[in-house]
């Protein structure tokens with residue numbers, strides 16, 4: 001018998017726990033629910049099984065506090081503050097008419113009819129404001145990154161938010177509610193297929209409003225857009241410097257630039273190659289910061305650093321110490337300095353083209369228009385070409 005005592009004790013405990021749950025379920029089922037709009041009126045009916053009414057008492061239970069609305073007994077009616085002029089009793093059936101409803105009127109209303117018989121009824125009243133037109137906007141929608149589409153109502157409490165994409169209902173687990181006025185649709189990894197028309201429906205027991213937004217996913221993040229701009233400018237620098245290198249070579253011996261003009265042209269073209277290499281190297285660093293290290297980027301970065309050092313030394317020496325170049329005897333040094341600028345131009349063009357190709361592929365993963373760099377290219381090329389044109393025009397043969 002002793003072995004059964006723990007089992008019997010557990011059964012008693014479970015039964016004790018189930019009794020309150022059963023009572024709560026009975027109260028929940030007996031509780032009537034009403035929904036009304038702020039500023040409107042509502043009629044709360046009394047018990048239906050009463051044929052003769054001697055007394056009526058209506059109470060408002062808001063949280064833990066209980067407030068008596070009115071008392072009626074033997075044709076004497078007493079209405080308490082703040083319900084005077086807002087509460088009206090129908091003595092024939094015990095129903096209560098409440099006018100000019102406010103959100104503070106929400107809560108449980110209990111009516112007790114014929115105190116001797118203790119007939120009572122409880123009603124849950126929810127007084128709501130109509131929801132306003134939702135505001136819909138997106139945040140951080142870039143391909144391969146998480147993003148959000150937000151829906152917010154400025155007025156009214158929205159009990160339900162429903163999301164659609166291109167007219168098709170989205171599963172509820174894709175969104176979450178932060179409050180009664182804000183819902184967030186989460187895009188775990190944004191992609192091209194997420195582009196489209198999104199609509200958000202906000203509703204409560206008395207109203208609903210819906211709004212739509214055309215959502216786009218950008219293929220390029222702001223850092224990758226910077227990589228594109230820098231790569232384009234680097235190519236323009238390299239192209240103009242390449243023109244400054246090739247054009248004098250293609251001239252006839254009679255028209256070829258010599259002397260001081262040649263020195264300034266050499267310094268300028270080497271300076272352009274140096275700057276273009278710096279820009280291409282910067283683009284590579286930004287790319288790796290966004291996409292991670294890669295051998296295909298690290299190796300060109302090393303050669304670009306070499307070109308930057310050599311072209312800087314050449315440009316500095318030609319500008320400030322030109323006699324040292326004349327005194328230079330080493331054939332290897334002469335070749336290094338001679339090939340640094342043309343090699344740098346080629347390296348910048350290849351490296352920047354690699355970045356622009358990858359950026360174009362990343363752009364295709366989104367649905368926005370490709371960034372227009374025409375103005376950037378034209379303006380940069382025009383500014384950089386002016387000094388070279390000035391040098392050619394200043395040559396004596398060009399003047400003659």
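Yeah, the Cβs are placed from backbone N, Cα and C, and that goes for glycine too.
The domain 'Ig-like' feature in TrEMBL is assigned to 130-216. Per-residue pLDDT, averaged across the domain 'Ig-like' (130-216), gives 90.
Per TrEMBL, the feature signal peptide maps to 1-24.
A Cβ distance under 8 Å defines the sequence-distant neighbours of the transmembrane segment (227-249), meaning residues of its chain 6+ beyond its ends; these are 220, 256-257, 262, 265, 268-270, 272-273, 275-277, 279-280, 282-283, 286-287, 290, 341-342, 344-345, 348-349, 352-353, 355-356, 359, 371, 373, 376-377, 380-381, 384-385, 388, 392. Among the features that TrEMBL reports, transmembrane segment is placed at 227-249 (among others).
The feature transmembrane segment is assigned by TrEMBL to 261-288 (among others).
The annotation transmembrane segment is assigned in TrEMBL to 294-316 (among others).
Sequence-distant contacts of the transmembrane segment (337-356) (same chain, six or more residues past either end, CB-CB distance under 8 Å): 227-228, 231-232, 234-235, 237-239, 241-242, 245, 269-270, 273-274, 276-277, 279-280, 283-284, 287, 296, 300, 303-304, 307, 310-311, 313-314, 325, 328. Annotation source TrEMBL lists transmembrane segment at 337-356 (among others).
The annotation transmembrane segment is assigned in TrEMBL to 376-394 (among others). Same-chain neighbours of the transmembrane segment (376-394): 229, 232-233, 236-237, 239-240, 243-244, 247, 257, 261, 264-265, 268-269, 272, counting only residues six or more beyond its ends whose CB sits under 8 Å from a CB of the stretch.
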Exercise for review: Would you kindly list the residues that approach the transmembrane segment (261-288) from elsewhere in its chain, counting only those six or more residues past its ends and only Cβ-Cβ distances under 8 Å?
Suggested key: 223-224, 226-227, 230-231, 233-235, 237-238, 240-241, 244-245, 248, 294, 297-298, 300-301, 304-305, 307-308, 311-312, 314-315, 318-319, 322, 340-341, 344-345, 347-348, 351-352, 355, 358, 384, 387-388, 391, 394-395
